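Note sheet for the following structure.
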Amino acid sequence: MMGVSLLSMPWALYQAGFVFGLILLLFMCLLLLYTAYLVVKSPESLEKADTVDVEFAKVCSIYFGRPGALTALVFSIIILVGAVLAYWVLMSNFIYFSGKLLYEIVHPLNDTKTQEEGKCSIYCHVNEDSVSHRLGSNDPPLIFGLKFDEIWQLQLTVPIYLAIVVFPLLNFKSPTFFTKFNMLGTISVVYLLIFNGSRLIDCGINMNFSDKTSPNYVASFSWNFPALTGMLTLSYFIHNAIITMLRNQRNPENNVRDLSIGFGLVAFSYIFVALTFYAAFPLPRSCLGDNLLNNFQANNPMSAVARVLIFFQLLTILPLIMYFIRSQISCAVFDTPWPGRVKVLLLNTTIVCIGVLTAIFFPTVGNIIRYFGAFSGLMYAYALPCMVDMRIAHLAGKLSTFKIIVNVAIIIFGIANLIAQFFVK
């Protein structure tokens with residue numbers, strides 16, 4: 001989720017307020033690092049024979065029976081489905097702007113006013129629809145008497161085109177081929193860091209903490225901060241895969257160190273992108289899009305490259321996520337990761353249709369991430385790790401009052417985080 005969440009961090013920082021948002025970015029990193037640590041160490045209490053190929057869902061099954069395993073499975077799948085929906089919205093967005101760029105290259109605009117990009121190449125995302133309408137108003141018909149902006153609509157046709165192109169890639173029996181492109185994720189993140197650093201150099205710092213009438217006014221605190229905590233729950237989420245990732249470590253005694261380094265690097269990336277783009281933003285912060293690339297015109301060179309890079313990154317990750325969803329459901333129901341082509345096609349068709357409908361009717365990636373993060377994270381990132389930790393300590397006769405207070409407080413935080421999402425304006 002890191003590449004997706006990076007794009008929404010400036011918007012999420014605005015929701016929480018500049019100072020409080022930065023504090024939350026660090027706090028949530030430490031909190032999710034702690035619960036991930038609980039997940040990593042949970043198999044240590046099992047018999048050695050039980051730790052072979054063990055997953056956290058199996059740990060939950062051992063300590064809480066079938067209800068524990070089923071809870072872990074369901075919320076793991078929900079989180080993965082949330083990732084698919086966020087990916088679908090972003091990929092539709094990237095295709096839309098890339099197609100728009102190609103069209104503008106082939107059909108240059110004569111009206112210079114429509115090409116105005118605002119301050120230091122940044123414009124207010126609120127004006128996106130009106131800009132698109134102006135661009136297509138004088139265009140010639142392309143096919144069947146329809147103009148470009150009638151056949152290339154961000155919230156109608158493009159998500160459907162994406163489904164036609166991507167669906168065949170989701171039905172492979174094994175996704176091994178797509179794992180060869182994992183390097184694209186690192187390249188995309190590094191490019192986004194460079195991209196945001198260049199925005200800060202180009203635009204300078206545009207922040208005013210005192211004058212509320214200034215277009216550069218920055219609030220230190222906002223009651224909408226749960227939007228950030230909900231998003232970060234999913235942004236820092238790795239709990240359903242961390243045991244598998246660390247299983248083949250050459251030096252397993254360094255797992256905690258490596259986990260901490262990983263979380264630290266992710267936190268640095270989130271804070272850097274949020275801080276630089278937010279500080280450099282030359283317009284009122286209400287103009288910040290929940291996808292920072294929406295604040296750039298299609299013909300902005302650096303944002304165009306970013307869209308292409310991240311699109312291909314998501315294109316290679318999406319089949320992997322769909323495979324994980326399929327294998328988890330199939331192993332639970334049919335006891336095999338490949339239940340047959342017909343069942344796979346039906347499952348993938350259902351999820352793709354949900355993705356298309358989401359991109360058409362609810363294309364707000366920030367809200368998708370925060371709702372799914374708060375809902376699924378309540379169980380998988382907060383409740384289950386803490387409950388397993390207390391159960392292990394209880395069976396070993398080491399359950400202290402302090403451990404109970406800390407773990408119960410984390411669970412209560414997860415509940416409050418979910419409830420608070422419905423009060424974000």
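From the backbone N, Cα and C atoms, a Cβ is placed for every residue, glycine too.
Feature annotations, reproduced from TrEMBL:
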- 1-420: domain 'Amino acid transporter transmembrane' (DOMAIN)
- 12-40: transmembrane segment (TRANSMEM)
- 68-90: transmembrane segment (TRANSMEM)
- 151-170: transmembrane segment (TRANSMEM)
- 182-201: transmembrane segment (TRANSMEM)
- 221-238: transmembrane segment (TRANSMEM)
- 259-281: transmembrane segment (TRANSMEM)
- 301-325: transmembrane segment (TRANSMEM)
- 345-362: transmembrane segment (TRANSMEM)
- 368-392: transmembrane segment (TRANSMEM)
- 404-424: transmembrane segment (TRANSMEM)
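Between the transmembrane segment (182-201) and the transmembrane segment (259-281), three or more CB pairs separated by 6 or more residues in sequence fall under 8 Å, so the two stretches touch. Contact check: the transmembrane segment (151-170) against the transmembrane segment (301-325) gives at least three Cβ pairs closer than 8 Å, residues 6 or more apart, which meets the contact criterion. Most Cβ pairs under 8 Å to the transmembrane segment (221-238), among the stretches 68-90, 345-362, 404-424, belong to 404-424. Under the criterion of 3 or more C-beta pairs below 8 Å, with sequence separation of 6 or more, the transmembrane segment (368-392) and the transmembrane segment (68-90) qualify as touching. If one looks beyond the transmembrane segment (68-90) by at least 6 residues along the same chain, the residues whose Cβ comes under 8 Å of a Cβ in the stretch are 1, 4, 7, 56-58, 60-61, 159, 162, 234, 237, 240, 291, 310, 314, 317-318, 321-322, 324-325, 328-329, 332, 351, 354-356, 358-359, 363-365, 368-369, 371-373, 375-377, 379-380, 384.
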